[in-house]
Amino acid sequence: MPLVVLKSSRLTWVRLAALVFTCVAFSVAAHGGAVSGGMYDWSIFCWAFSFAGTLLVLVVELMGLQSRAPVSWNNFPITFACYASLLCLSASIIFPLYFLKGETRRDEARDHRIASSVFSCLATVAYFVEVSLTRAQPGEVAGYMATVPGLLKVCETFVASVIFAFVSNPVSYDGHPALKWCMAVYCICFVISTAIVVMCVGECTGFLPFPFARFLSAYALLAVAMYLTATIIWPIFKFDSRHSGTSSRPDFCQYSHGLCWWDKLVAVAVLTALNFLIYLADLVYSARLVFVTA
């Protein structure tokens, strides 16, 4: 009877740890958390998606099926690990913010929520360790997604996704044409960055009618310029009283559950500036990066 032997390595143990941590996080929350709603569904999705993807990666590598995978195995595992780390990080912030903040009762449901939050944080650390172990080292030939610009692409798309969540509930970009421009910036850059990630993971970059490296540099420069305008425009039209903005946090926000509408506006401003810095770093690295698409 053939035996399958799982080679022991730091990377394997880190993935197994992430598998266990995410499994415990969503199992405990679903079993005894006694919560519901959109933020609960999002947290469960983050943990369950990360668990399923990690299990898939472990099974493929355990069975030696990397060459048969319909994606680039030089790019897929680290891309997934980076997304999983950001998803678990968001769940580690959102879940306690919405379901533990201000909770004074000491009961079994509260203990389950605390346990889920702790294991979510542990999963986040595990995925960050996996990314650090699998990213390309200086002088190493690797897939694009294992390089710093590739990992930054993942961060760019994830931050944009969070921005979309904040500006759509409630809708906060339809009050002025300048705000619609900000929304256009978020959408255009998100679509292009996502397309780059998909092309790299799907090994489709060779079908482009122009050099991929030059396209990356040109796009990074364009994205920096666009995000710079959004970084300036959004605070002006949301927090400057001369443009019908609100410069101070309303008093009723302290009684709101989770984030009130003003908090979300601040979050969008901060995330826009953060994405601008990420695109700026992407531009710097893309300009000097020499890589081989595997």
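Cβ atoms are placed via backbone N, Cα and C, with glycine included.
Because the structure is a prediction, the values reported are computed rather than measured.
According to TrEMBL, the protein has these features:
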- 6-139: domain 'MARVEL' (DOMAIN)
- 42-64: transmembrane segment (TRANSMEM)
- 76-100: transmembrane segment (TRANSMEM)
- 112-129: transmembrane segment (TRANSMEM)
- 141-166: transmembrane segment (TRANSMEM)
- 144-291: domain 'MARVEL' (DOMAIN)
- 178-201: transmembrane segment (TRANSMEM)
- 213-237: transmembrane segment (TRANSMEM)
- 265-285: transmembrane segment (TRANSMEM)
Checklist entry - If you run through the domain 'MARVEL' (144-291) with DSSP, how many residues end up as helix, strand and coil? => result 116 helix, 1 strand, 31 coil
Item to check | Spatial neighbours of the transmembrane segment (178-201) far in sequence, C-beta under 8 Å, 6+ residues away | outcome: 71-72, 75-76, 79, 143-145, 150, 153-154, 156-157, 160-161, 163-164, 167, 172, 208, 216, 219, 223, 226-227, 229-230, 233-234, 236-238, 272, 275, 279, 293
Checklist entry - Taking 3+ C-beta pairs under 8 angstroms (sequence gap of 6 or more) as contact, is the transmembrane segment (42-64) in contact with the transmembrane segment (112-129)? => result yes
Checklist outcome for this item: For the domain 'MARVEL' (144-291), the averaged pLDDT of the predicted model is 87
Checklist outcome for this item: Reduced to three DSSP states, the domain 'MARVEL' (6-139) has 103 helix, 0 strand, 31 coil
Checklist outcome for this item: Spatial neighbours of the transmembrane segment (76-100) not adjacent in sequence (6+ beyond its ends, CB under 8 Å) are 18, 22, 25, 29, 33, 35, 37, 39-40, 42-43, 46-47, 49-50, 53-54, 57, 69, 110, 113-114, 116-117, 120-121, 123-124, 127-128, 130-131, 134-135, 143, 145-146, 150-151, 154-155, 158, 162, 197, 200-201, 257-259
